[in-house]
């Protein structure tokens, strides 16, 4: 995102938001605080929010009217099943975005027999200047709370059986709805999908989605890149579990370089599509968790993406990992939010497999070595060739280097690793020439860089393995040459037989 083009486009997006305010103050204090005691006792007879229920084969929602019990029966509401309700966000146009119907379809196809699928449609309130839509979030939250309170009173439906899924501004709407419920009757779960950042970042707990708004709150952050104090999505933790796919700042396949492709297809709408790509990725990650229940993306507790990229955070001990999306394990082990990181693919299915590599190099030279390596894997179910390895610094001494490698397919249990020094041929020729001049001693040419073993930890299975050089009499690495490492454990022969 350091590209000047990226900065310019993002600034343009921010200017659109700011200009829509017509001079209004851009700060959370300008929207007032929640008045829970004053507002929760008000039960509106009519709402500006439409509550739709989706049952059967039809895609057209059936509207439930507050205080009209007959509509519950007409729409097929089943009080013995949980309610999963979608809450959309700010709208540039006065129609619902396509992702809403995609999520409805995914929920119906995967969970139709076990949940009520609903939608809180607040188009007339969301299709406004951004700051006006922000002001309306409290009203919509109150109306959702009124619906849930009415369901509790009329058909004894407990709010603890409710799961609100809010995208962008809808995440904060869901939070407000939860705050208007009494402590004894809290909403069961709220999922925030890239909760809107402008006017909410760094706001108090009462002015945004927070862990207090439901028995369990999870959030997925996908577009938190910040410039001039603004970001489309919120960066700060706002839930019991906060997931940061690819670090949360941007998403694969959503680079601003894609803008040129979008311009050719969508014209000026390309800017909106490019920005929305990362913001809306949170939605598609959630939908993916429904459609590919057998390929759940695992995330890991970590301090930041830099440490995660070094492979230092692939532990599942004491609740340090969790699945992303609908099937997230609902735990509240402490009041402190847990930030979890993971890598994803650029398209569905988004799941990748995380591997921590620890390699101890022995540098026999006095000068730092900055080689480029590739690694190839052979597993019981497949193989992957020439995956590049990036070291954070040059190899200066006898030091252990840790880094993360991800695969987009399951190759099964690792059997063999091929490690290659991918220096260009010119460098290889120079290196060999130097070695013919410098007397390293008898035997084969020496590179001054040795590698004895590779330690691997698989995030998804928590399995640990050690790989040793196939030829323990030759541990030296050479430019443009490949070295094979095999499992050191006693069961390595059994593993080899699995692929025959």
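Placement of Cβ uses the backbone N, Cα and C atoms for every residue, glycine included.
Per Swiss-Prot, signal peptide is recorded for 1-21, and the stated evidence type is similarity to another entry.
Annotated region 'Disordered' per Swiss-Prot: 23-44, in sequence order.
Annotated N-linked glycosylation site per Swiss-Prot: 67 (among others), in sequence order.
According to its DSSP assignment, residue 78 (N-linked glycosylation site) is coil. The N-linked glycosylation site annotation in Swiss-Prot covers 78 (among others), and the record cites sequence analysis as its basis.
Under a cutoff of 8 A between CB atoms, and with a sequence separation of 6+ in the same chain, the neighbours of residue 168 (active site, nucleophile) are 88, 89, 90, 193, 194, 195, 196, 233, 279. Residue 168 (active site, nucleophile) carries neither a helix nor a strand DSSP state and counts as coil. Residues or ranges marked as active site, nucleophile in Swiss-Prot (evidence: similarity to another entry): 168.
The active site, charge relay system annotation in Swiss-Prot covers 194 (among others) and is backed by sequence analysis. For residue 194 (active site, charge relay system), the count of additional Cβ atoms within 10 Å of its Cβ stands at 28 [all protein chains shown].
Look at Swiss-Prot and you will find 254-277 tagged as region 'Essential for determining substrate specificity'.
In the three-state DSSP scheme, residue 279 (active site, charge relay system) falls into the helix class. With a 10 A radius on its CB, residue 279 (active site, charge relay system) counts 23 other CB atoms from all the protein chains. Annotation source Swiss-Prot lists active site, charge relay system at 279 (among others).
Here Swiss-Prot flags 353-487 as domain 'PLAT', drawing on sequence analysis.
Annotated N-linked glycosylation site per Swiss-Prot: 363 (among others), in sequence order. According to its DSSP assignment, residue 363 (N-linked glycosylation site) is in a strand. Residue environment of residue 363 (N-linked glycosylation site) contains 18 other Cβ atoms, counted within 10 Å of its Cβ in all protein chains.
Annotated N-linked glycosylation site per Swiss-Prot: 398 (among others), in sequence order, evidence recorded as sequence analysis. DSSP classifies residue 398 (N-linked glycosylation site) as coil under the three-state reduction.
Between residue 78 (N-linked glycosylation site) and residue 67 (N-linked glycosylation site), the C-alpha separation comes to 17 Å. The two recorded residues residue 363 (N-linked glycosylation site) and residue 67 (N-linked glycosylation site) have their Cα atoms spaced 76 Å from each other. With respect to Cβ neighbours within 10 Å, the glycosylation sites 67, 78, 398 differ, and 398 shows the lowest count. Residue 67 (N-linked glycosylation site) carries neither a helix nor a strand DSSP state and counts as coil. Residue counts of the domain 'PLAT' (353-487) by helix, strand and coil are 13 helix, 68 strand, 54 coil (DSSP-based). When secondary structure is read from DSSP and collapsed to three states, residue 194 (active site, charge relay system) falls in the coil class. In this structure, the C-alpha atom of residue 398 (N-linked glycosylation site) lies 73 angstrom from that of residue 67 (N-linked glycosylation site).
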